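Q: Following this message is one structure expressed as structure tokens.
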Amino acid sequence: MASLLHKFLENASGKKGQDLASTAYLAALDHLLHSFPSIGKSVIDELKGQRSRLKMIASENYASISVQLAMGNLLTDKYCEGSPFKRFYSCCENVDAIEWECAETAKELFGAESAFVQPHSGADANLLAMMAIITQKIQGPAVKRLGYKTINDLTDKEYAELKAEIGSHVCLGPSLNSGGHLTHGTVRMNVMSKLMRCLPYEVNKKTERFDYAEIARLVRTHKPTVLVAGYSSYSRRLNFSTLKQIADDCGAVLWVDMAHFAGLVAGGVFVEEENPIPFADIVTTTTHKTLRGPRGGLVLASKEYDGIINRACPLMMGGPLPHVIAAKAVALKEALTVDFKKYAHQVVDNARTLAEHFQKQGLRLLTGGTDNHMLIIDLTSLGISGRIAEDILSSIGIAVNRNTIPSDAVGKWDTSGIRLGTPALTTLGMGSDEMEEVANIIVKVLRNITLRRNADDSFSKSEGELPENIAQEARARVADLLSRFPLYPEIDLETLV
């Protein structure tokens, strides 16, 4: 049987400008499929799956083939604990060069004083930020006060007292229902809540937006050591100048998690007081989402925290992933281009267009709209849960995720809302006309979902139904959009058998 690569090259024969990256990508799939068929098949099936649905999960995107190829090489074999030119292992010169270039690119892209590119994820980056703050603001002064040079010099009793002192300090962050993230400290099941006394701030019940006066009041009351700002499900921008002033008034560290909107900062959409870099003491982010890179994290910090963060090993990390760091470097370089800036602005334009068409058709959006890349639909008036909407939309080829809303009466599993984002559809090249069509498809589906009737004649709270004629129409409309805006068009799916 002819290989995938042979079929691809036969089909491409005579075509001008044959893309080297797509050839290399297909060659890798070809090898994997023949050497480890079950794994290769699953990878190809995922590619087919992603090409057959509209990806509207706000935290997902599509990395370029160049980014993906940068991860698939022998860099994965190298141990390199430490930081560039200060490793705990020998023969790290090439990894040093890659990590140094990646960090310098991050500093250039964001205008940051320092950049640490090793975190494996946004959660790792957030944990490192918290540990760096604890080390700088609590542990360091305590060790100095006791007359020691390092924490290892403390007696067992003194160390126990220090841990108790750390636990008494307050971290103030956005609650989960108000759009915060698990790693912002307000979810007790998460390790972050176990490091300090973590307290939440909420959005205003009427406006569903963060109330800076209320945050300032809470800061004056609780005198936190750390003020966390950022979000995973909030459709407006933040004023980091105001948040910095609030933090400074009580001597708190301002830590911003910009995982969701880093690409909008890099692309010049969020500027001045909406850009956290000039104001925050520490900024964390993922490298996927709006940055379109590999799954990973970054920490951007002021000089005060640079030394501590670059000692992430042994603070809370072991060996980094040099192959992923190489992919981060590629993605960050892509984000320096003019095309990326155009992309970032289009992401927000598309989100606003989507929101406008939802509202015209009577759907309620949290905060009344969007200023960024996402929007949250309140499904309460439709009588269905976020879980049901997520499942039904998935069945017709649209990927969204269920999401809690403030004062959610349904609960954190089923939820009363769904979150939608435009980063991935914008990467495919879709614009305002396509957003109108997407909105029309979603509204028609949501308005025709009914609750499934149980055997006892009651209605299910977790399962819904969609009339087959509506489902077929929606699938056809989704397929039409995807046929005009295919994922990785340079990869011919006809060869992927």
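The chain as shown is numbered from 1 upward.
Here the Cβ of each residue, glycine as well, is placed from N, Cα and C on the backbone.
According to Swiss-Prot, the (6S)-5,6,7,8-tetrahydrofolate binding site annotation covers Leu176, Gly180, His181, Leu182. Residues or ranges marked as site 'Plays an important role in substrate specificity' in Swiss-Prot (evidence: sequence analysis): His288. Feature annotation from Swiss-Prot assigns N6-(pyridoxal phosphate)lysine to Lys289.
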Q: Take the mean position of the Cβ atoms of Leu176, Gly180, His181, Leu182, the recorded (6S)-5,6,7,8-tetrahydrofolate site. Which other residues of that chain put their Cβ within 8 Å of it?
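A: For the (6S)-5,6,7,8-tetrahydrofolate site the neighbour list reads Gly173, Pro174, Ser175, Gly179, Thr183, His184, Thr186, Val187, Asn190, Ser232.
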Q: When you measure from the Cβ of Lys289 (N6-(pyridoxal phosphate)lysine), which residues in the chain that are at least 6 apart have a Cβ under 8 Å away?
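A: Long-range Cβ contacts: Ala58, Ser59, Glu60, Asn61, Ala259, His260, Ala262, Gly263, Pro423.
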Q: Non-local Cβ contacts of His181 ((6S)-5,6,7,8-tetrahydrofolate binding site) (under 8 Å, 6 or more apart, same chain)?
A: Asn126, Pro174, Gly230, Tyr231, Ser232, Asp257, Ala259
Q: Round to the nearest Å and give the CA-to-CA distance linking Leu176 ((6S)-5,6,7,8-tetrahydrofolate binding site) with His288 (site 'Plays an important role in substrate specificity').
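A: Spelling it out, the Cα of Leu176 ((6S)-5,6,7,8-tetrahydrofolate binding site) and the Cα of His288 (site 'Plays an important role in substrate specificity') are 21 Å apart.
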Q: With the cut-off set at 10 Å between Cβ atoms, which of these binding-site residues ends up with the most neighbours? Options: Leu176, Leu182.
A: Leu176
Q: As a test of the contact definition, list every same-chain residue at least 6 positions from Gly180 ((6S)-5,6,7,8-tetrahydrofolate binding site) whose Cβ is closer than 8 Å to its Cβ.
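A: Within the chain, Gly180 ((6S)-5,6,7,8-tetrahydrofolate binding site) has Cβ neighbours under 8 Å at Gly173, Pro174, Thr186, Pro200, Val228, Gly230, Tyr231, Ser232.
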Q: Rounded to the nearest Å, what's the C-alpha distance separating Leu182 ((6S)-5,6,7,8-tetrahydrofolate binding site) and His288 (site 'Plays an important role in substrate specificity')? Just drop the number here, would you?
A: 18
Q: Are there any residues at least 6 positions away along the chain from His288 (site 'Plays an important role in substrate specificity') with a Cβ closer than 8 Å to its Cβ? List them or say none.
A: Ser59, Glu60, Asn61, Ala63, Pro294, Arg295, Gly296
